[in-house]
2 protein chains.
Amino acid sequence: MSDGAKSPRITSIIENQLFRRQRSIRQKQSIDVPDFEKTYAVIIFSDKAKLRHCQDVEKIIQEFKVLTTLEVVSKTEKYLYLSATTEALLHFADVAELSKLTITGSMQKFNCDCISDYLLPGMTPADIVRECEGPVLIKDMIKPAIMSYIRNGIIEDFFPLHNIEYLDRFAFDWRRSRLPIEDICNYFGSSIALYFGFTEFYTKALIFPAIFGMLQYMWNVNLSLVCSFYVLWTTIFLELWKRRCSGYSYRWGNIEMSSLDKPRSAYHGVLKPDPITGKMMLQYPMRYTYLQMYCVSYPVVLICVAAAAYFALYQFQIEAEVLADFGPDSLLLYIPVIVQSILIAIFSWAYEKLATFLTDQENHRTRSQYDRHRVNKLMLFEIVNNFFSLFYIAFVLQDLKQLKYQLMMQLLIFQIVCIAQEIGIPLMAVVRQKFVKYMHKEIDEGIKSNVTDLARYEQCFYEAGLDQYQSTYEDYLQMCIQFGYVVLFAAVAPFAAFGALINNIFAMHIDLFKLCNIFKRPFGRRAKNIGAWQSAFELLSVMAILSNCGLLYLQPNVKGFFSKIFPQMPDITFILFEHLLLGLKFVIHKVIHERPRWVRIALLKADYESDEAYKKLKKFKAQNKID
Amino acid sequence: MSDGAKSPRITSIIENQLFRRQRSIRQKQSIDVPDFEKTYAVIIFSDKAKLRHCQDVEKIIQEFKVLTTLEVVSKTEKYLYLSATTEALLHFADVAELSKLTITGSMQKFNCDCISDYLLPGMTPADIVRECEGPVLIKDMIKPAIMSYIRNGIIEDFFPLHNIEYLDRFAFDWRRSRLPIEDICNYFGSSIALYFGFTEFYTKALIFPAIFGMLQYMWNVNLSLVCSFYVLWTTIFLELWKRRCSGYSYRWGNIEMSSLDKPRSAYHGVLKPDPITGKMMLQYPMRYTYLQMYCVSYPVVLICVAAAAYFALYQFQIEAEVLADFGPDSLLLYIPVIVQSILIAIFSWAYEKLATFLTDQENHRTRSQYDRHRVNKLMLFEIVNNFFSLFYIAFVLQDLKQLKYQLMMQLLIFQIVCIAQEIGIPLMAVVRQKFVKYMHKEIDEGIKSNVTDLARYEQCFYEAGLDQYQSTYEDYLQMCIQFGYVVLFAAVAPFAAFGALINNIFAMHIDLFKLCNIFKRPFGRRAKNIGAWQSAFELLSVMAILSNCGLLYLQPNVKGFFSKIFPQMPDITFILFEHLLLGLKFVIHKVIHERPRWVRIALLKADYESDEAYKKLKKFKAQNKID
């Protein structure tokens, strides 16, 4: 499960994964092998697992009515394939209280006693459970029971298998104008689907500032207009995304997720009856969480953020000193920059560990909460890391020329790193494929004759060698920093939006390609919104008002412009303008409702239906004197 | 019903209402008359109503299973007493979908088929319907049917009768430290109860700035500390009130009120199936409402507000001109002030009519929405009306001495007007009682022998002469303006909070007294929060940050203080400080959850229970093949 436990077998096969998987698809399509029973997930035992252990695990899992097939290929290679009948899955879905669309058009918690209510026209019972939900339901059922085997290293890995036919839907297609978000949700779960939904929405929204940026460049638009444009654009974009997002999460049955949902697996506490359902559940007093958050975590975070800001300032000072001591041509000028970059990299790495540790200590109940608080900490730090020096140059040094230069340099480096990550990694994987094509070792013929289902075995063998997909964190962070470059200094960087637009069009498709081809399939994760990233984008959008207004203020001709309107008080007029923009942002934020009307109506309708049912049940009980 | 339809009979008896009502209480208590069946409400017919009309109305009302007693006292005096059995009321409550507490501790929509679920220990079925709900349930049932009689003036008045014994609970008691909010809600409905809840909460919160103001005066506290204190105090106070309020509205069964609830009676539209319940309901496209709001109402409001601001500026100009032309001792100096005051009064009056008209045009679906949008319009205007000149003096003229003088004058006038309204009106009523005691006309002895139940007749006769209670608007407005005086210029007016505290302690009790004694009992109105007033207070609290920081900036010694810390950039430091306060406010706003944890748990529990019931019902239907 952990990186340390990776056996040499696995690392040796990483290289030819892509090629082999493609071959196995061809094989399957051409030879038309009898379709094996759909395998949802596979458990891989480590070298030290004895056959006895494997059989124990199998027995435990079978108690949950999960179908298992134990495949002992050799002494070191043991697989346990997990599958389930449709009935079992539907039962799991009922227990997990998944929300599903009913034929009356409202979302209700799934109930396996009346499957027909959930069978929309053209659906079979097997369609009720989404493609990504099968593995998750099985995992949620069995994981607590096999946790001890995972902890002591007998189980090395546990992951869902790719559905090779379904993956075809994500093949790249130039004619397609939008990403197949619904399919992504079906296959990867709502958390990843929301990431793609957001990327797509953001990329489309970037068209406006891209055009505006060109107009701004050509006609030298008044900066106060630029400020106003970005206030309107960022606010409306973020508000509309919230609406879009709640539409998604309604359709995907996540809109009623709350911080009082079932706890994540790392949550600790004491078993007590849950105040909502009355079932025994882990409970941990909120006051300890708050205490940890406000008295430990956030003070530490603020100290780190301040340290990062100080680091950035320090660089300027050192540079100035070196410049004074050795002159502008000395090669020594590069030393502070290099030392600085290395220190920042180390500091960032350490900070990420620290943030994770602090968030662990806070012991949040749900995964969404945990992620939100972790990302909050990281995001604050990254914003300071990336933008503080620009703010310093702009408003303390007040050097617009250096600002433009520094901004361009940073943006360039950032885009190169992005492109390297986005294109380089898959490209390298493909190149490696081509290379190993001539040297890959085939699976032993002896083993081939040993296994019952060769295609399944091959798929497991190859997919086990893929990297684990970590989370959407890196991808969101990239987008967030990019958004910062686009909006924070829009007044002096009119082309940033255009660059971001071009970059994102490619990045979207490449992200999807990577997810389908070079990572193990992740267990689908539910999410009702993009969590802390919404706040991060909103924070940047507020900072953009301040920074752009600041830039406006620094323009000499603008100062003259304002003092022409109200000669007595140019400064107050200016502050008034900035506050009006802040106010405008707030008013738009209030005026646009977080949820579209149809979602509100649908939610009320579902409530109404279940209230009516409650009433009927009570009536029925009263009439028949049942208790 | 309308003011124009008031007959001379009614105006002639206004005077001796208080005295007579008190006498009728004494009578009832001493003579121990057989208690007549509880009369919930009374319909009074106008002079032009013929007996035939009265009987028609009675017949219509009887169809709803409301008990009626027609009392024809004379040709011009006809009363129709409305009453209902407990069963009928419970049935009405079921139809109206009132939320009631069940024995499992969650709120569920009331269901008259299983009354036992709602019978908490010590309750009888009659206790399920609150004291204020009986008349409202009857009104909601019958009003649409008798609307035509109201419109053409046959029905002159329709109001609930006071419950004279219940009123004893609101008698003034010095030992009582808190208002009987729950009783007020029971008797007057949640809208009025929230007003008292808010007044009480606000008054208690005023203790902090009152103490702080004294410290500020004694020790000459640094103004930046004053700014920070008021940011913290206003924000925390408003957020805590939101939590308190959601606790109230949960307990009172209003928390799930939404803009998609049943329409108010003045709502117009076409009959269409409701998207939530499927029943036929009036529907009006939201886009017309939005169009009206954003393209007509708010532009008009902004023009009016700008005009009010211009008026205020104009006064300064005229004053300056008069001063220049006639010198500082001329009596002519008073003329602009007087003209101005008259113009403002006329303008305010016209604006209120305009705001009401505009809001009517917007055709909001629910009463809460209607009130919110109407108050929004009025409140913006009143804020400009009351505070614009102070802002002008402070930040354009930058004359702190004049600001203090003007502030004190305005505050004084405001308090005098408040006290006059609060104490004067009831006092006048009482004085009039004493006077008319020796000249009031007794009810004709002939009539006395005519009526079946003298006490009931007398009560109706006297209560019909009372003024109609309009709404909580005036009271909230007073508090809102007072809050403005307390926080907006806290830096120069440290004693405003203390004055407000003293004033409010009295005002609370006097408001309650007025409501119990000099107004007709109003039909209870449901509300889940204080609506637009929350925004009004929040707006003032944001404005307070700006104005106090502005005052801080104008202090000469403070400018020096800031330039000592960061010598390069005193202005930027200052703006930074102000934005930090704004940011702090926003963070507190985000960190404090709108609803207390117990409310969230209780709501989820209720959802869980009805979802479970829905599941069980479906299961039962599936098992028994019922459809």
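Glycine is treated like the rest: Cβ placed from N, Cα and C.
For the transmembrane segment (A:184-203), same-chain residues at least 6 beyond its ends with a Cβ under 8 Å from one of its own Cβ atoms are 130-132, 136, 163, 166-167, 169-170, 178, 237, 240-241, 244-245, 248-249, 252, 254, 472, 475-476, 479, 483, 501, 504-505, 507-508, 511-512, 515, 521-530, 533. What TrEMBL lists as transmembrane segment is A:184-203 (among others).
The domain 'Anoctamin transmembrane' annotation in TrEMBL covers A:184-603.
Long-range neighbours of the transmembrane segment (A:223-241) within the same chain, counting only residues 6 or more positions beyond its ends whose Cβ lies under 8 Å from a Cβ of the stretch, are 198, 201-202, 205, 208-209, 212, 216, 487, 490-491, 534, 537-538, 540-541, 544-545, 548-549, 551-552, 555, 558, 577, 581, 584-585, 588-589, 592, 594. The feature transmembrane segment is assigned by TrEMBL to A:223-241 (among others).
Marked as transmembrane segment by TrEMBL: A:288-311 (among others).
What TrEMBL lists as transmembrane segment is A:331-351 (among others). Non-local neighbours of the transmembrane segment (A:331-351) in the same chain are 304, 307-308, 311, 314-315, 318-319, 322-323, 378, 381-382, 385; each lies 6+ residues outside the stretch with a CB under 8 Å from one of its CB atoms.
According to TrEMBL, the transmembrane segment annotation covers A:378-397 (among others).
Same-chain neighbours of the transmembrane segment (A:409-431): 18, 386, 390, 474, 478, 481-482, 485, 493, 496, 499, 503, 506-507, 510-511, 513-514, 517-518, counting only residues six or more beyond its ends whose CB sits under 8 Å from a CB of the stretch. For A:409-431 (among others), the entry in TrEMBL reads transmembrane segment.
Taken from TrEMBL, the feature transmembrane segment covers A:483-510 (among others). Within the chain carrying the transmembrane segment (A:483-510), a Cβ under 8 angstroms from the stretch's Cβ atoms is held by residues 172, 179, 196, 199-200, 202-203, 206-207, 209-210, 212-214, 216-217, 223, 226-227, 230, 234, 383, 386-387, 390, 394, 400, 403-404, 407-408, 410-411, 414-415, 418-419, 422-423, 426, 537, 540-541, 543-544, 547-548, 551-552, all 6 or more beyond its ends.
Distant neighbours of the transmembrane segment (A:530-554): 194-195, 198, 223-224, 226-227, 230-231, 234-235, 238, 241-242, 245, 368, 371-376, 379, 383, 387, 391, 394-395, 398, 400, 476, 480, 483-484, 487-492, 574, 577-578, 581-582, 585; these residues of the same chain sit at least 6 beyond its ends, with a Cβ under 8 Å from one of its Cβ atoms. Under the heading transmembrane segment, TrEMBL lists A:530-554 (among others).
Residues 340, 343-344, 347, 351, 354-355, 358-359, 361-364, 373, 377, 380-381, 384-385, 388 of the same chain lie 6+ residues outside the transmembrane segment (A:288-311) yet bring a C-beta within less than 8 angstroms of a C-beta in it.
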